[in-house]
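Below is one structure; the comments refer to it alone.
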Amino acid sequence: MGLPLPLLLLLLLPPPLPRALPAPASARGRQLPGRLGCLFEDGLCGSLETCVNDGVFGRCQKVPALDTYRYEVSPGALLHLRIILQKLSRTGFTWQDDYTQRVIAQELSNLPKAYLWHEEASSPARSLQQNADNEKWFSLESEVALAKTLRRYLPYLELLSQAPTANAHPRIDHETRPVKGEDSSPENILTYVAHTSALTYPPATRVKYPDNLLRPLSRLQPDELSPKVDSDIDKQKLIAALGAYTAQRPPGENDPEPRYLVHSPMRAPRPFAAPALSQRWPLPPGDSKDSLSMGDDTLLRSLLKDLQQQAEVDRLGSLKLEEQADSIAGAIQSDPVEGSQESHGRGAEGQLREQADAPEEMLQDHRLPEVDDPAAYKEVSRLSFKLGDLLKDHGSPLLPEAPLLEKSSRAEMKKSEQPEEVLSSEEETAGVEHVKSRTYSKDLLERKPNSEPQPWRLEDQFQNRAPEVWEDEQNLKLAAQGPPSGGLQLEVQPSEEEQQGYILTGNNPLSPEKGKQLMDEVAHLLRVPSSFFADVKVLGPAVIFKVSANIQNMTTADVTKAAVDNKDELEKATGLTILQSGIRPKGKLKLLPHPEEQEDSTKFIVLTFLSIACILAVLLASSLAYCLRHNSHYKLKEKLSGLGADPSADATEAYQELCRQRMAVRPQDHSEGPHTSRINSVSSQLSDGPMPSPSARSSTSSWSEEPAQSNMDISTGHMILAYMEDHLKNKNRLEKEWEALCAYQAEPDSSLVAQREENAPKNRSLAVLTYDHSRILLKSENSHSNSDYINASPIMDHDPRNPAYIATQGPLPATVADFWQMVWESGCAVIVMLTPLSENGVRQCHHYWPDEGSNVYHVYEVNLVSEHIWCQDFLVRSFYLKNLQTNETRTVTQFHFLSWYDQGVPSSTRSLLDFRRKVNKCYRGRSCPIIVHCSDGAGRSGTYVLIDMVLNKMAKGAKEIDIAATLEHLRDQRPGMVQTKEQFEFALTAVAEEVNAILKALPQ
């Protein structure tokens, strides 16, 4: 089952509206009858239901699906449905919700419907096996309705008038002989009685199709009969009616086929075709040979009485009615009819539908009884046409098609949808009759009279048939005078006044002036006046028009085809872009092929080149900025790396010039002492100048932030420059200084506690043991091992009471709880980790934090809050540390530097300095120590502490800085701090680079 075109267009459009409250849970998922949307979502229909394609969303119907129809969706309605679906979707409703079903059903109720023939009606097996399957298609209700109708109206047949009157239907030529081979047998006996009676009914209210399509005839009351009728029964007319009724059915015992004479719409609510232009009311047969005798009159009254008694039975079957009709026919037909008496004229579509639904033998012509009273049959003929005219004009309920007259605007919808393949083989070879032009195909006249169309093809032919508009009197007369045919039925094209053409443009919305200009150009192109087009309207980007009646016999299809063929000329004349043109019969679009739009590739080429140019410009600018920045850093690195080689007078002169400029603007009362010798004592560093508060020790040390906050004087920078010059003049100075540092021996250096047997498993390296006088003491009562030992040393800076750092080894699996206990008891908030977890398969540090969630280490619960990777060199983790004994919680931040390996140095000083700035920015304003650890807590940890301590002294405004003396101060508190000469040289380079950045940031 393919999706309809309007729905495909609806899904391609883009989607905004306030979100409403979601539907209650009770409103979801309930199986309701007739649910919509089964084409788009499975499971909507119940087990006894099937999904019927209604042309929009699909509707669930009980099996068998009888009420089949399609909606006619105009472009405006399609846009409205799209907006409704957007609202429901954004609000959270689905097809399962009752609210969705009610909203969509309400919207669809406003759309016009086109009723379809039942899908099984076109099955050849059904038509060929009518006798075996008819019990499946007719319910007992139709038989009861027939019996009640006979019981109500047969007594009133005695009111038929006997007096012949003048021809009451002058519009139709009654003397015209019926077309040979046509079947005029009515659908049932009631239709024949209605056609041959002079009953008149008040105008029936036009009821909505198809609810009252099969309105019971019993609604008419006896007092509705016209008082004009006489009180006596016209026996000849009743005889003719009953005779024709019985004659139309093939004889045979136990023949159930007369059931097909009951209205076929009882099978399924199919759309009935309104009486076509060529339809004529059936005529009784012509002159009969024998007249009725008085015995026949008596017999007739007796049979009518028996028939009325039979009608009293509520469950009277149609087979019994046929038996009664056989009895009447047997009494009438005293002599067989000789010669071929052909059936008289038939309706255009209703009779052909009988041929399609009836078995094959029902397509043959049947003879009607002949009576020898020509006057009686003449009167029957006159009354028949008069009654037919009255029923047509007043919409009698006897005609199921009457309610359809007010919906004549749907006449073209099914016709436009019918593909050429669905047409019967007769129409493919015989051609099509045009009602207005009265032209007939030559091939049709040459067809053999006995050719029998295939019943299933005939049903397919009329499956998409829609009710026609009744023409004026002249057209009705012409339609009644159709040419003879051999039992075939011509397809009638819809009238041109009912077709709408459209031209779709690229302007949305299209102004009415532009639309009128476009139609004027089309009229000029066709060499017709502007009045040639009627009812010109602009709908969105399209112009909709109708083609008036014209002597050129030009149709809407001709106009739309001309618009397609001359598309370029129209676009040039109007300045519009024509996208499509086609025929629009009442909301359904029949598109015509037209040349595809040739996309202007020039604009895409221009846009492509512009995009490429922009991308290249951005890349070029980025590359230039990177090169400039990299070049400046490269030059600085070259200067620093050449300190031990060829001396550079440029660097020295630059630093000295900066110093002179800085000194020139200083107050005159400030005097500096001579810098003639280096200070080697630790006491001179610790006692120099007033000390700021402990909270001021933190420094961001950033090239953009730290110099602005630094208290370092230009003279300090000059001192650092002089220190570097001293190393440059004496190439072996750095190595000798390192040898002196290696020979330095701390006093005291006792490590008895760390060497105890119970503490030996807690040491990662025997070369780095804590001094007894400088170690972190844990509270043994809170320790899981009841010990106060951990391999960690406090590092003092300027305040011997408050350590600035805690240098410790990387935790072992057995010391993780001790590590977190030290973090808690020291009040630490920042951890600096300078080692990866493993190097070349050697474990450097235990994974002492959870990867996700939380872990408990003794009485401390560590919860990982976040983990951010700042760059490829380091990342930052945030923890919640909770003491399960006191239920207190603190926040701890870990800075993990990844690219510094054991006994080595980082690849660049820049990455470590940037890492230090991040650490100090987080630490700013705190007075707690920073825990620094690597693997053994000495080499990499000592280098980092040395760099940070020297730079912090410079930021506080220290007048004298001695890096070697500072390292000795660190080794007094923990052995092995800065383990290699490369690490010491790296510390000097990092300090020099940071000083250089500070000097550049100072105001000139």
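Every residue number used here counts from 1 along the chain in the order it is shown.
For all residues, glycine too, the Cβ spot is worked out from N, Cα and C.
Copied over from Swiss-Prot, here are the features:
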- 1-409: region 'Involved in localization to secretory granules' (REGION)
- 274-294: region 'Disordered' (REGION)
- 333-360: region 'Disordered' (REGION)
- 393-459: region 'Disordered' (REGION)
- 625-1004: topological domain 'Cytoplasmic' (TOPO_DOM)
- 665-710: region 'Disordered' (REGION)
- T700: phosphothreonine (MOD_RES)
- 734-994: domain 'Tyrosine-protein phosphatase' (DOMAIN)
- D902, C934, S935, D936, G937, A938, G939, R940, Q979: substrate binding site (BINDING)
- C934: active site, phosphocysteine intermediate (ACT_SITE)
- 993-999: motif 'Leucine-based sorting signal' (MOTIF)
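Features as recorded by Swiss-Prot, highlighted on the structure.
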residue	record	DSSP (3 states)
D902	substrate binding site	coil
C934	active site, phosphocysteine intermediate	coil
G939	substrate binding site	helix
Q979	substrate binding site	coil
Request  = Specify all same-chain residues, apart from the site residues D902, C934, S935, D936, G937, A938, G939, R940, Q979, whose Cβ lies within 8 angstroms of the center of the Cβ atoms of the substrate site, ordered by sequence.
outcome  = V768, Q809, L834, T835, S941, G942, G976
Cβ contacts of G937 (substrate binding site) (under 8 Å, same chain, 6 or more positions away) = R764, V768, N791, A792, S793, A807, T808, Q809, G810, R974
Query = Other than its own, how many Cβ atoms are within 10 Å of the Cβ belonging to Q979 (substrate binding site)?
reply = 19
Query = What mean pLDDT score does the region 'Involved in localization to secretory granules' (1-409) have in the model?
reply = 53
Message = Could you state, as a whole number of Å, the largest distance between Cα atoms of any two of D902, C934, S935, D936, G937, A938, G939, R940, Q979, the listed substrate binders?
response = 13
Key: the motif 'Leucine-based sorting signal' (993-999), counted residue by residue under DSSP: helix, strand, coil   = 7 helix, 0 strand, 0 coil
Request  = Sorry to bug you, but what's the C-alpha spacing from C934 (active site, phosphocysteine intermediate) to D902 (substrate binding site), rounded to the closest Å?
outcome  = 8
Ask   = Taking each of the recorded positions D902, C934, S935, G939 in turn and counting other Cβ atoms within 10 Å of its Cβ, which one has the fewest?
value = D902
Ask   = Between Q979 (substrate binding site) and C934 (active site, phosphocysteine intermediate), what is the CA-CA distance rounded to a whole number of Å?
value = 13
